[in-house]
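For reference, the structure discussed in these notes is given below.
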Amino acid sequence: MLGVGSRKTAVVSSKAHARKAAGEGSRAAVLSLYAVPPTEELSLQEFEELALKRVQLLKAIAAAKAVGKSGKELSLAVGKAVDAFLPFRATSRDEAEREDHISHFILRLAYCRTEELRRWFLTHECELLRWRIGRESPAAVEAFLARENLNYPSLTNEELARFEAQLTTISTIMKRKDDRAALAQAAESSLASLKTTGKLAKDAGGVGGGIRLTAGSYFKVPFEQAIELVQRRQVFVNGGWAYVRRKDMVAIVVAEFRSRLSRSLAVASKALPQLSEDERVVPLLTNLSRQYLGPDYSKTKVEGAISLDQIDTLAKRSMPLCMSNLHSHLRSAHHLKHGGRRQYGLFLKDIGLSMEDSLNFWRAEFTQMMTLDKFSKSYAYSIRHNYGKEGRRVESRAFSCVRIITANAPGPADHHGCPFRHFSPEKLAHTLTAKGVGGAGLKEILNLIAGHHYQIACTRYFELTHPDAETVQPIEHPNAFFTQSEAYWRAKQGSSGEEAKPKLRLASWAVC
Amino acid sequence: MSDTPPANATSSPSPMSPEKDESRGTKRRVDEVVAGEASQVNVAPTELSDEFPELLRFYYSRLFPFAPFFEWLSYGDVSGTSVAAATGLGAAGVGEAAAGGRGDGMGLQGSYVSRREFSFTLEDDVYIRYQSFASAAELEAEIRKKRPFKIDIGAVYNAPPKDHKTIPAGAFKPLEKELVFDIDMTDYDEVRTCCSGADICTKCWPFMTIAIRVLDTALREDFGFEHLLWVYSGRRGIHCWVCDPRARALSQNGRSAVAEYLNLIRGSEDSGRKVFVTTPMHPSVERAAAVVEEYFEELVLEEQGMFGCAERWDKILPLISDESARAGIRNALIQQDGDNALGVWEGIKDMYAQNSYRSADLTEIMLQFCYPRLDIHVSKGLNHLLKSPFCVHPKTGRVCVPLDPARVADFSPFDVPTVSQLAAELTEAAKAPAPSADEPSPMDVASQSGRAYSLTSLKPYFGYFENVFLKSLLASIREIKQEAAIREGVIDF
Ligand SMILES: [Zn+2]
């Protein structure tokens, strides 16, 4: 049955199982760009097991990135996840490859259906590949490149002589950048800091900081395939070629994989509707794709559960910092940019603001800055779209913390994102103080964000603003923060018998 | 993402990102009006004489270079696929943006140029998207009939844009477009003192000269592009169309990368330091800095007088990172004898030479005040429309003319003819008699060959386009085709 799907998603290549030949004798881990789909039959049970393993692996990678891990820390986390879910077994290399291969292709089917799923799958598959390449020897990487038909010319001696000055310049820039990154990383833990900075100092002083260039230490890559390096000006570009350092080739290969996989997913998504031959597979795939998104609050919300007149009160007492921040910017500037409209709009939808109320809410603010006509033309559409009343008529779901923290970082005039992740410590401290969080609690939160523990910091913020809350669930979703908070306040009201009916705020919503 | 901007009722996908209107704030301009927005901007020129439509009719019937224009956009293709696709040159650039656009089983319908989107903005503010033309004659007839105030050029799709409604949703896709750059003098308002907004003068035009020199060199040397069409927009900016096959085949991500690589000015209006350079500088930045240095003193210190008063030097001083150095310079400026900007600048350079201040400061100052200010959104989008060369700008009446980057220092926007001037010139030229009774008049000769422009002051601009730009473009396309044919064994030796 997997064979059915595979034919449809096949990427052109006739070199079946070239990996076997090249893998002989090497004890390297699984390394593949998955050019050839599997052809074997497998049981439904194995199908499900393998798929779940890989989903868990990718989820573990996503979680590590969500808490801000990078560099060595991320590498450790990925390694742990691989060991836990798709371990390389020294005794049976073939079996490990088989599992890796099949599970990758099952997830292609599960994650090709929407752009958001594709992006998630792509991002974390790329991270996995990056990790795998990173721990190979140069020889193994070269063998892998050859086997995947990625042949880039290395520099001739003549080119080396011609561009020596430029290449040395880039090397120096990159070395300084790497050193800075290493220092920053080392500063993370004081113990590591002692070791690494000592080593760095030695490096810099010892060999006189000299950089030796050899022709073989560079590859010539068409600039279109080195766009990340080009974009950041981290590569010498001449005559349409990017002169890529050997150690930067990982980025090139990962980018190439990303682009190939992206194309394959697009093809697979078109083939998917015809894949209903085995009806047992479809619900499995659907279920798999749901795995990463966290709970779907659009399914459990009660439309109209909250009304316009409550929003200001709710923003103050029950919304997570990311949302109350958006709310106050909207109230004061009467405008939010795209990212903010989307993050806040979907949140409001899934805590139960009806579409009518939503339209009224945004209109009341935006029309203080623009004509009603402009609002109706430019903004009302996307609000209805959020509710699944426009376009593809699919209701969008509120963003999870992982999504808010990792995707679409806010630009200069943006207010979306996660304050714990995206605010400067000063601004965060200021904001928290305004929310009544100070002293030891504030210090604790700032320490948490210094260690990139954004969600834990948010959870701590919840605890501090909800004293004596019974059991606080770790915050993984803004809507969960909200629900948890509302439950808390309801319980409080119940016990104290206070009437805390929110006051009307007439000034801005009673228009149009 | 699924959150698309509101589509105009008559035209489905908007070519602009949802952020577009916001990010440029008040800087939106008529040049940029695209689908779904035309109704909000008054396209009809208010300052213009009532004669404009009539002059436009004259321009389209006598001077618009339909044949070479169409030949350019045909890129040597009359059959079906582009040269880029035929030779596989495009394959390298296919990234995620184009994923599913090619190779998904849907064949290409019609020649390269017939799949190109044109859009017209008409006199009465009507905006028509998804026009496409199979032949030069068709294009000519339609333009003469509609007499658009503005013509925009969009992407090449997988099917003729005029048929887009007959194609199943999602199957109509942009495949290629020139890599374009848009530089607008409005974006220089914080570094110029002579004019603001839409105005330009001879004091600020050198900013555009710098932009052309810097970008032209980088695009040629770094990226290996050869066919760069530089165009004066007719009012206050310039456009660049990079026409090489590899540039046209670039994915959205590839376009972003090139645009970001070339973009040094970052941050919003209120961020002080907008340029950060590494030490040592990237070779491309270093080369640009050398060009900028040639102009900085005369343009920024003398012409624009950025050291002329406190309000102006307060834009420069924050970029001096050492506090005591900054205080010293401020003092020197306050006490300068009359206008001694150059003297002060020399003093600053000496100070930096003698002390261990952050040496990148001075380069960053020069770059921040002179480096090209790109509207990178225009470059990034595969389906972003850009005003076509050879249009007439409805506000100034000037023709949007190609210009020769090798002679950019000689170009002056004030020499570019207006349509009314052209009408007069052509009337005058018509008076020239035939050499003899049985020979045609010079006007007859020029009109016969479709080159009436050669009798007007358009001659150097249109002549450059036909005889230099187009000629070399077509020659290299022939070469590519020949090589491809040899590779495939079509030609035997
Ligand atoms: Zn001026």
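Cβ from N, Cα, C; glycine included.
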Record-annotated [4Fe-4S] cluster site (TrEMBL): member among A:Cys126, A:Cys401 besides A:Cys322, A:Cys418, A:Cys458: A:Cys401
Residues close to [4Fe-4S] cluster site centre defined by A:Cys322, A:Cys401, A:Cys418, A:Cys458, Cβ within 8 Å: A:Pro320, A:Leu321, A:Ile404, A:Ile405, A:Pro419, A:Phe420, A:Arg421, A:Tyr454, A:Gln455, A:Ile475, A:Pro478, A:Phe481
Cβ contacts of A:Cys322 ([4Fe-4S] cluster binding site) (under 8 Å, same chain, 6 or more positions away): A:Gln343, A:Ile404, A:His416, A:Gly417, A:Cys418, A:Pro419, A:Pro478
Three-state secondary structure, A:Cys418 ([4Fe-4S] cluster binding site) (per DSSP): coil
Cβ packing number for A:Cys458 ([4Fe-4S] cluster binding site), 10 Å threshold: 27
